[in-house]
Amino acid sequence: MIQFDTPRGAYPVTRMRRMRRDDFSRRLMRETVLTPDDLIWPIFVLEGKGQREAVPSMPGVERLSIDLLVEAAREAQRLGIPAMALFPVIPMEAKSLDAREAYNPDGLAQRAVRAIKNAVPELGIITDVALDPFTTHGQDGLIDDAGYVLNDETVDVLVRQAISHAEAGADIVAPSDMMDGRIGAIRAALEAAGHIHTRILAYSAKYASSYYGPFRDAVGSAANLGSGNKYTYQMDPANAEESIHEVALDLAEGADMVMIKPGMPYLDIVRRVKDQFGVPTCVYHVSGEYAMLKAASQNGWLNEKAVVLEAMISMKRAGADAILTYYAPYVARWLAE
Ligand SMILES: NCc1[nH]cc(CCC(=O)O)c1CC(=O)O
Ligand SMILES: [Mg+2]
């Protein structure tokens, strides 16, 4: 037997395992809790009636027509999920170079908002403010002859889109495009139009991530984007300090909440932002993260419930106040068991 002539640290006065021994003491010292209040449920919305389409790269996620979306909203309410985020799937014939369908008062997103607010008024509705579902090229903005995404011209369209969402009854508008100055422009327009209660969830630190692939399949922008990329507006995954600069600007321009995206590979950013600003901080557990966990679970390689709940608690532990995740209804059901 090895003989130690000096005490090994603080042992045995301090035995870290004492508190871990029993369930009651583990519960007493648990630092982070997860509840359905932490969840935002993203849903893809389709034209038509009674339409339900699977997303091949996201097993378990479906695109729903508005009538079925309203059923899902009732389910969210029953499960105690505070809010839903809507992502419209726009038919090719409604896409254009100027993305004018984005601010059509009778567009798919605007009709979806009205239908849900009519049926389930207490459920928070978040709309995506970005042009990629509406452009023929799949970029989040208007482009010049060289294909460069124009900032200020795009912001003008985003403002019209955000106002049309607020007029339809959206509680939160969420610009996910990464143009400069759009938060300030949208805030000013909302105030001027009397929408002083409409919250802005700013995608402040949105990275140019390859984890968005399944989402682009789901909304059908992958084919339009082709071999294009979003490097001239979304952030470089190598950067962290820049996220602080981005968040500071969006808060100064009037954001109520900020979003870090993607989720698990970017938890260092979540922690930095939360520590630095102490504002409502959301994290987007994106489509590729969903696809990875789902695929491994379907193969029997991971225990789905265990790994998903671990992913959720990790995002909260990093400082997230709310988690936007395709797993939201699963998580709410597991928490209710
Ligand atoms: N405005 C685009 C948008 N909004 C949400 C996502 C991705 C979300 C996900 O992967 O779940 C994207 C993709 C992109 O930037 O190309
Ligand atoms: Mg910015």
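Positions of Cβ are set from backbone N, Cα and C atoms, glycine also.
Annotations in TrEMBL come from automatic prediction, not curation.
The annotation active site, schiff-base intermediate with substrate is assigned in TrEMBL to K206 (among others). The Cβ of K206 (active site, schiff-base intermediate with substrate) has S176, M178, Q234, M235, M259, K261 as same-chain neighbours under 8 Å, each 6 or more residues away in sequence.
Residues or ranges marked as Mg(2+) binding site in TrEMBL: E246. Long-range Cβ proximity for E246 (Mg(2+) binding site), meaning a same-chain Cβ under 8 A and a gap of 6 or more residues, is found for S204, A205, M235.
Among the features that TrEMBL reports, active site, schiff-base intermediate with substrate is placed at K261 (among others). Using a 10 Å radius centred on the Cβ of K261 (active site, schiff-base intermediate with substrate) and all shown protein chains, the other Cβ atoms total 24.
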(request) Please go through the recorded positions K206, E246, K261 one by one and keep those whose C-beta falls under 6 A from any atom of ligand 2; give the result in sequence order. (result) E246
